[in-house]
Each structure stands twice: as structure tokens, then as C-alpha cells.
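Listed in Swiss-Prot for this protein:
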REGION    1-318  region 'Ribokinase'
BINDING   Asn195, Met196, Ser197, Glu198  ATP binding site
ACT_SITE  Asp264  active site
REGION    344-475  region 'Cytidylyltransferase'
Amino acid sequence: MMQYSPKFNNAKVLVLGDVMLDRYWFGATNRISPEAPVPVVKVQDIEERAGGAANVAMNIASLSVPVALHGLIGQDDAGRALDKLLNSHNIQNHCVALDSHPTITKLRILSRHQQLLRLDFEEGFHHVASDSLLAKLEQEITAYGALILSDYGKGTLESVQQMIQVARKAGVPTLIDPKGTDFERYRGATLLTPNMSEFEAVVGHCKDDDEIVEKGLKLIADFELTALLVTRSEKGMTLLRPNQAPFHLPTQAKEVYDVTGAGDTVISVLATAIADGRPYEEACYLANAAAGVVVGKLGTSTVTPTELENAIHHREETGFGILAEDELKRAVEQAKQRGEKIVMTNGCFDILHPGHVSYLENARKLGDRLIVAVNTDESVKRLKGESRPINDLNARMAVLAGLASVDWVVPFAEDTPQRLIGEILPNLLVKGGDYKPEEIAGSQEVWANGGEVKVLNFENGCSTTNVIKKIQASK
């Protein structure tokens, strides 16, 4: 099978739609309120994430693709929080800030990895500033390879038909994740991406794949679409186009923790691939792989190029293996939110031997996920001498990543991983050898965060130095 690339060097995407701020309050629930039969949540952590059309833009930016966001927000704290989030991800924020309406905000309260309550703060933007949005679209559309119209029914896309016509006139593909049953308003769009429930709400119940194809092709003809992608949860997705065979893709999700924002990820990757000049089949393949990654995360999330590449190559799990430091931080954050215990260790691991394998297996048994931080080649030379390492960094990390006991491998350039450990803050820090816990780099940071530090024994007679001596003696 052809291997597709997650690098989109020629893509540039414009997103226009209902912009929201997603707030998450995480906390422990250990008692019932004396005031009413409801749990008391002691809030321990607060997160703010871009939602709606803003999450679509975040998904595109996470793929290192230029993206601009148009929409409506309020002149309030939520709007300022969104602006800060978007700027931190290099998203061109062209949203109109109004003093007459609040930013649409959704607050979710979670405990023990379960959502207890959602609070919506919104008035919508019906009959507000549609002329301004349309004028800005006309000015900028020709600079982009694709337009996403993100419709959550909040009023930003009241002029959606005129927006579609502006894009058609400019020759720019328009992709829409539809809302409601009035698909007439999307007439002339390039591609719609309804989920199965949304699709059946318009065409009626479909008893099998043949009926999905039949009714989907009729919908394409009725509303003058170029294509239709029906996302079907555990059954994957189906791409339909006139006079072409249907293209079915099975789901790639291994574990599903949260489907929040999965539709945003699908349309983001689709539009990015199409803007990059990829065929529809390839765009759908990439979008399907990305969806399989994002549903394994908690809350509104994005997918990185590394995660997408892992999924494309059918690696056993996405978001694992060799990661850059920023990618590891995101992966660890998601794992902690799922309640997983993170174990971390470090070393040169120059020539992997049975002692290493046994040590890493024992470390992994102490938690749910194991991080191995590896000295770079320059760091090894400073510690071990100019003749080391025998194997370069890429080779050492590749071997470690292939072990079943290892979830993440990350390089560090310093002599010790103290800074990295302080950034990651594992639940358990492990080191092999004759150390005292307080002598281990990073131990103070882990203890200060409420974590543990343990020393594990290496197998007697197993060392890289002994392996090198045996090799030299055999020559």
C-alpha cells in the first residue's frame, strides 16, 4: 500500500464559523454536599482550550500549516483567553470582537475522568455582523487553498450560501461540517462531512451500505455537491462522489476515551490535504487516521505530525514511541488525565543488553506508562569519553522504542535530565544502580510534586562496558 505523508508543504487554509472557548475544571469528589444530593468537586486544575471553529483552526496549526480564523467573539475574558490561545499557536486571528454579545463558552466539570456537568454561556450571534464577515472573506479567500465553514448553529454562518458562492467564484474548495437538517443552505459546497446521525436525519434510516450509497449520491445531486463524506463512528467513514465507486475506510481507533472534537479533526485534515493538492482518497485516509488518534485523548484535542505519521504507518499505538519534548508533554498530560501512572527513567543505553531489558521491564511494572530519557551523542561523550557512544542517538532510541515495556523515548542534551524531569513531573522516578534516592537527578522536583523516587538493581555482570570488552577480546 502507498504510504502517505503527513507533511503539507503547500497547504494554507481559512476557517470561518462558530468560535467557542472550552473550559475544563478538574477535581476530586469525595463527599456529597450537605445542601443537596450532589457531589462536591474540589477543583484542582483548570484548562482552557479552543472550541468549535477555533478548535478546527488549532487542528490545522498543529500540523504546521498556515491557517486564519474568522468568526465572532465577545469583548470579554473568554474572548481574550481565546485570542491568547490562538496567538500562541501562530493562528491568524481575524475574529470580530463585539461588545454586544459574550464569547460562546462551554464549561465542563470533570472528576475521576468522568464529565459531571456542562455549563453553556452563550447568546449566539444571530443577525449580527454577517456583512462584515462576508466582506472579509471576499478580500482574503484567494490567498487560501481551502475554506472550512464550521457550523454549530450559533449564527455566525447565517450568510453561508453567499460564503459558498464567494469561494466558488474564487475557485477555492469549500468544506462544511453541517448542522441541522436544512442542507439546502449548503447548496454548491464542495464537500459535506455529516456524521451518520446527521446524514440519516436528512435522508432517512439506511439499513445497509448500499442504501447509504444510494441516498448519499441522491443528496449530492440534489444539493449540487462535489462529494460527501459520511463519518460512521466505529464503522469508519464513506466517501461518495458521482460516477465513482464509493470509498470505504474502517476506523483506526484502538481505544476511545472521548469523541469531543473528533469531527473538527476530520474536516481539518481533509481540508489541509485538499489544499495541499492531495486526491480525495488520500485526504480521507489521512483524516481517518487522525480521527483514530484524537478519540484516544480526553477533551477537545488536536493531532501532531508525529502522531499522524505513527497512525499512517499502522504503529501499534499513536502518540507513543520517539517524541520531541513538547510532544511528550502533551502525551503525558493526556495520560495523567486518564488516570495513568507515569514512570520515568534515563540513561545512555549505548549497547542494549539483557540487564537493560530486565531493568526496563521491572520499571514498567511499577506504573502504566514508561518514559525513557536518552542522552544525546554529545552528552554521552562528555560522560563516557570520546570513544562513546558506539551507537548514535537515533539507533539507540529506535531500539528502545521497539521494546514492549517502553511507551515513550525522548532525548536530552544536558549531562543530567533534571530540567526535563522537572518539566514532565512523572509520578515515579526510577534509576538503576547503587544510588541513594536523594542523589538521583530530578528527585527533588518529583518529591516536591508529590511523586515517588525508587532505585532498582541491575542484573549482576550485565553492563555496556563488559559487552564492549567482550567484543574487543573476540577480535
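Glycine is treated like the rest: Cβ placed from N, Cα and C.
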Residues close to ATP site centre defined by Asn195, Met196, Ser197, Glu198, Cβ within 8 Å:
Pro194, Phe199, Glu200, Ala201, Val230, Thr231, Arg232
Using a 10 Å cut-off on Cβ-Cβ distances across all protein chains shown, tell me which of the recorded positions (Glu198, Asp264) has the largest neighbour count.
Asp264
Considering the binding-site residues Asn195, Ser197, which residue's Cβ sits among the greatest number of other Cβ atoms within 10 Å?
Asn195
Nearest-integer angstrom distance between the alpha carbons (Cα) of the residue listed as 'active site' and Glu198 (ATP binding site):
15
Within the region 'Cytidylyltransferase' (344-475), residues counted as helix, strand or coil by DSSP:
54 helix, 26 strand, 52 coil
May I ask which residues of the same chain, at least 6 positions away in sequence, place their Cβ under 8 angstroms from the Cβ of Met196 (ATP binding site)?
Val230, Thr231, Arg232, Ser233, Lys235
